[in-house]
Amino acid sequence: MATSNHITWHESAVTKVERQQRNQHRSVVIWFTGLSGSGKSTISVALEKALYQQQVHTYRLDGDNVRHGLNNNLGFSPEDRKENIRRIGEVSKLMVDAGLITITAFISPYQADRDEVRNLLDDKEFIEIYTSCSIETCESRDPKGLYQKARNGEIKGFTGINAPYEEPNNPEIIIDTEQDSIETAVNQIIDYLKVHDYLDVKPV
């Protein structure tokens, strides 16, 4: 891919801090990671709704949705998976700069790729949430029928079946989606945001 050296970064007249003060909350990336069927999308949708009801400015990026547009030229090879997460990381960084709480739901199977996104952001701007769930339970849910297709050889490189998933080394939050309800999971995340002062920024 060709790149250009003749580009300049243009600073905005409105800073990230000013946007956070206007919104009265800090901006951050809430990054859900876990196997297909572990509950990432379900919990992220419920979290977005709960935060919206509290007048929090959010946007949710979903793994399937971005492949309809931004990443529709990517497949599921290790190289394409890496590029998929790199692009989402850059988009998430822009949204954090815009003052939003950005909720992402991606399998994001590789620790190194998740760490690269974390390193794009400032300190405390990345909250990794691991939706912990056994492969057996994920496969029994199989909301899209993908596990069965992978078992039948119709899908190659499917995470958990014939491609690896690396559990997070030290996530900020672990949700046991085999035990915890959606409501419990959402409350756990919101409690974390409150305790760590993400939801209380006073306007100047």
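Using N, Cα and C of the backbone, Cβ positions are placed for all residues, glycine too.
Sequence-distant neighbours of G37 (ATP binding site) (same chain, 6+ apart, CB under 8 A from its CB) are C133, T137, C138, E139, R141, D142, P143, Y147. Feature annotation from Swiss-Prot assigns ATP binding site to G34, L35, S36, G37, S38, G39, K40, S41; the stated evidence is sequence analysis.
Per Swiss-Prot, the feature active site, phosphoserine intermediate maps to S108. Cβ contacts within 10 Å of S108 (active site, phosphoserine intermediate), excluding its own Cβ and spanning all protein chains shown: 27.
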Cα-to-Cα gap, S41 (ATP binding site) vs S108 (active site, phosphoserine intermediate), nearest whole Å
13
Taking 10 A as the limit, how many CB atoms besides its own sit near the CB of G34 (ATP binding site)?
29
For K40 (ATP binding site), just give me the three-state DSSP call.
helix
Can you tell me which binding-site residues out of G34, L35, S38, G39, K40 are within 10 A of S108 (active site, phosphoserine intermediate) by Cα, answering none if there aren't any?
G34, L35
Taking the centroid of the Cβ atoms of G34, L35, S36, G37, S38, G39, K40, S41 (ATP site), which other same-chain residues have Cβ within 8 Å of it?
F32, A105, I107, T131, C133, C138, T177
So for K40 (ATP binding site), how many other CB atoms are inside 10 Å of its CB?
28
